[in-house]
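Read through the structure below, which is laid out as structure tokens, and then see the notes.
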């Protein structure tokens, strides 16, 4: 989708003088406690700052109190929510809180939930934002004999229904993850429940058959050839439902920039299914018959069919175009964009004059328009040649290959990734710093985003370059130095597309293997949650073709991987 898709999807509104400039922004009065209703009055929360950051945690606390909620310690009786960083697990959270168990009645939720509440100015359901909690960390009441007979040990995602907001229809009866399939009759296609089948469908373009009784995956040739990585992108199915998917994509993008990743994924699931459907959808019943489309999503499809419009697009929060604007700043993700919005920023000028920016964000803001402008492939070729010439001045045997969309044959490119190695396996060493110094001295590298990122034996530079001559734009450039033993897997990885790569990695996993930018490994041991516990044995992969062959796939040229 166009990086400015959301901005283009809505008509320009007349700017309010009170928010159209940084000078006016400073005059906006602070909202006093109780204004617009104390809609957080039922909330008693504790914010764990680790991972979130002290400044952001304090901002959360201030806004909770401002809207009627209470901040308390994790041991306070009656606490309703403990808010933690997105990447934190239950055990780590309880360790930081020095608690043996989760307090009774408390929910352990990701900070994205609180961000969404503040964005929408209401208490949203916590479904999809809960942290998985092993039973040993739950303080449970003594069960009745009937409960004892039906209970089973294990790990469950604890998402107790919030008493602060009404339950949705999809929550009327608790269901296990395995029971929640994407074509479930009660699913609206936009809830928080995304099953492993949904994820595989997004990666492979198909819904997997149930595993055999012995637990082995279905890898018959007729099933294998339906994986995205087994098909040439030149044979993408015609999208017979473009008039529907283009509107749903706007909503998906809106949910994504608001940090509602589960709802965005639910929409992506339905969009992917509609794009692959063999004919234009013509009725509610037909929409419901498509795996990946639930009842409520089918209702939206029918609304588009009947009116050519989707009313929900008229009610997207005013924050969405602003969040889209901010999240397009290099180095500013969804969370940062939300933080700026909550601080009252409404324009790039506000961010520039009032924001506290990292060095990377300052560079991203400085070159905002240049970074969003896609370059013609001829310009990408010039950048590749500039890097190659400079590298081979040190050693003529170095191999330099531009990857990404350029290698996939696209006519325009968002950035350029140049992979560098040497066939002798050792002459690539020591070239990294010397090459960067040379490119800086030539005035080619203008800004450093990440000057050196170590990744195993690979070294990666992320920066900004400018070709000589008038009228040139600043472009994003990544330079990756890799050992020759990892060159094939790195070349595959950095060529993409991301969808194609995810499909290959998912396929490798079903075969008990593991694929990364470093290597393809066999005999990998994973636990029941799919987490790798033993790395397995690295397989020799001198070329990309060897990777495809070892995975049982037909080789695909780079131009055939553009999914």
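From the backbone N, Cα and C atoms, a Cβ is placed for every residue, glycine too.
Listed in TrEMBL for this protein:
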- 1-30: region 'Disordered' (REGION)
- 35-131: domain 'BRCT' (DOMAIN)
- 158-196: region 'Disordered' (REGION)
- 300: active site, nucleophile (ACT_SITE)
Overall pLDDT of the domain 'BRCT' (35-131), taken as the mean: 87
Three-state composition of the domain 'BRCT' (35-131), taking helix and strand from DSSP: 31 helix, 16 strand, 50 coil
DSSP-derived class (H/G/I helix, E/B strand, else coil) of residue 300 (active site, nucleophile): helix
